[in-house]
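Asker: Would you mind keeping the following structure in view while I ask a few things?
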Amino acid sequence: MENKQQGNGEMKENKVVKKKVNWSGSLIVASLTGAFGSSFLYGYNLSVVNAPAVYIKKFYNETWERRYGFSVDESTLTLLWSITVSIFAIGGLVGAIIVTPIVKFFGRKCTLLLNNVFAVAAALLMSLSLLAGSFEMLILGRIIMGVDAGISLSALPMYLSEISPKEIRGSLGQVTAIFICIGVFTGQVLGLPEIFGQESRWPYLFGAIIVPSLIQVVILPFLPESPRYLLLEKHNTSKAEKAFQTFLGKDDVSDEIEEVLAESRVQRNTKLVSILQLLRTRAVRWQVVTVVVTMGCYQLCGLNAIWYYTNNIFSEAGINHETIPYVTLSTGAVETLAAVFSGLVIERLGRRPLLIGGFGLMVVFFAVLTVSLTLQKTVHWLPYLSIFCILAIIASFCIGPGGIPFVLTGEFFQQSQRPAAFMIAGTVNWLSNFAVGLLFPFIQSGLQTYCFLVFAAICFAGATYLFFVLPETKNKTFHEISQAFAKRNKVSLEMQEMNHYPEERKSSAEQESNFTSSVDNGETKKGIV
């Protein structure tokens, strides 16, 4: 009997191992194509304005002089440039707010496809602004590109979390962060003087945005919609089954269908929950708080401050001014490599160690960087320590805090709650982004190099909260993750199952029948779910 149990355990273990490596071609293509036309563009637009900044300001001045007959004063030019950079976050906030009804009516995949309209329109406006002699076109293009980013940073993680098996959900979710980093690095490379970082070529930097959008529009239509969306919101079992078969690369997907239907019965309905309803639901109270904390720390942890100081620190280390753009590429390369590393180990180490460890390491290196910057004029080798700290902070951010918040938002919530949850996460993300851009100059002016201690405190607070609150979500179903929060939310499992607005219950007869049959085989299905 004991040997038989051991044999069954080994068979289960082998089954799990097989699932872990079950990356179908369609799953890989969907994740890469989705991310290339979405999160890649977000990262690209974060860095693309840095290299041509001098030329764009000159374009603003020349346009102003041609219109009004005199040069623009320095304060007005600074204001115009600040608007150009920061208005991207305002557009992102708009995109995060409107994403919920869009993903409801059009689905996850179609939302990503339709979102390319914003990207192409923004690319045309920004790339033609110099030819048209209108800096307003560039500013308008930036806000439209922000809308694209706000939609994609919610729709893409939602799509990836719903098409992936739970065994690789974390790794697939990290594709969002990896392509953000690749986008930042690409913007740095294309901004080099030998490519588009010249006065006559900077519009091409914005015109290049069209390329990822067109690639996504060509490839993504041939891939299925989210099977969870098809089954739970469209009640189309046949299409959902085909989608599962395509993404999982196997014919028998009955286990996956039953897992999703079990979730459907638990939440009692598939009607979208509003933000207000989500905030009032006790069963997800701590999930919402955790998403707000992780997304807030994602933006407020100080990485933007690092980019601000990079050129100055490299200059203090004795690096030639003309060489600094090439050395800066090392930051983009480290960022990308760290994100890839996180994607490779997230299913082995889990979300908790990477997220808490990432914030913890950032606290240490921020403290060392503060000391190094304060004393670097007294000790000749300290600027090199500052460079190391910058790279270490970037790597620490990317191994956990840079991508896992998007993964957790997709994992914490049931199907009907997920769009509202992503709207909350996106709103916090973009408001925090805007706050950093608005407040950091004042923080830096008042505290100088000690400003990094503020970010160290934020990282420490985030790590401490997550240490006490965040459960491990690796290899768990959405229902199991809800159970992990049940005690902290002070609800029983039965109450949690009833706390999803039963008066709005919506379930097809076929789903009810399938779910009943799965309950009849409870013991065998329990092991799978």
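Cβ from N, Cα, C; glycine included.
Residues or ranges marked as compositional bias 'Polar residues' in TrEMBL: 510-521. Annotated domain 'Major facilitator superfamily (MFS) profile' per TrEMBL: 31-474, in sequence order. Residues annotated as region 'Disordered' in TrEMBL: 501-529. Taken from TrEMBL, the feature transmembrane segment applies to 21-42, 79-100, 112-133, 139-160, 172-190, 202-223, 288-309, 324-346, 353-375, 381-408, 420-441, 447-470.
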Asker: Taking residues 6+ outside the transmembrane segment (420-441), which of them lie with a CB under 8 Å of any CB in it?
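Answerer: Hits for the transmembrane segment (420-441): 85-86, 89-90, 92-93, 95-97, 99-100, 150, 153-155, 157-158, 272-275, 277-278, 284, 287-288, 291-292, 295-296, 298-300, 304-305, 308, 405-406, 409-410, 412-413, 451.
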Asker: Cβ under 8 Å, sequence separation of at least 6 from the ends of the transmembrane segment (288-309): give me the contacting residues as numbers and ranges.
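Answerer: Residues packing against the transmembrane segment (288-309) from afar: 50, 278-279, 331, 355, 359, 362, 366, 373, 390, 393-394, 397, 401-402, 404-405, 408-409, 412, 421, 424-425, 428-429, 432-433, 435-437, 440, 444, 451-452, 454-456, 458-459, 461-462, 465-466, 469-470.
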Asker: As a test: from 21-42, 172-190, 353-375, 447-470, pick the stretch that has the greatest number of Cβ pairs under 8 Å with the transmembrane segment (202-223).
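Answerer: Against the transmembrane segment (202-223), the leading stretch is 21-42.
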Asker: Would the transmembrane segment (21-42) and the transmembrane segment (324-346) count as touching if the test is at least 3 Cβ pairs under 8 Å, pairs 6 or more apart?
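Answerer: Between the transmembrane segment (21-42) and the transmembrane segment (324-346), contact is absent.
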Asker: Who are the long-range neighbours of the transmembrane segment (79-100) in its own chain, taking Cβ under 8 Å and residues 6 or more past its ends?
Answerer: 45-46, 49, 53, 56-57, 60, 72, 111, 118, 135, 138-139, 142-155, 272, 275, 419-420, 422-423, 425-427, 429-431, 433-434, 437-438
Asker: Return the stretch with the most CB pairs under 8 A relative to the transmembrane segment (324-346), choosing among 112-133, 139-160, 353-375, 381-408.
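Answerer: Answer is 381-408, with the largest number of Cβ pairs below 8 Å.
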Asker: What is the average pLDDT across the domain 'Major facilitator superfamily (MFS) profile' (31-474)?
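Answerer: Per the prediction, mean pLDDT sits at 89 for the domain 'Major facilitator superfamily (MFS) profile' (31-474).
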Asker: Hey, which bits of the same chain come close to the transmembrane segment (353-375), Cβ under 8 Å, at least six residues off its ends?
Answerer: 294, 297, 301-302, 309, 313, 342, 345-346, 382-383, 385-386, 389-390, 392-393, 396-402, 404-405, 449-450, 452-453, 455-456, 459-460, 462-463, 466-467, 470
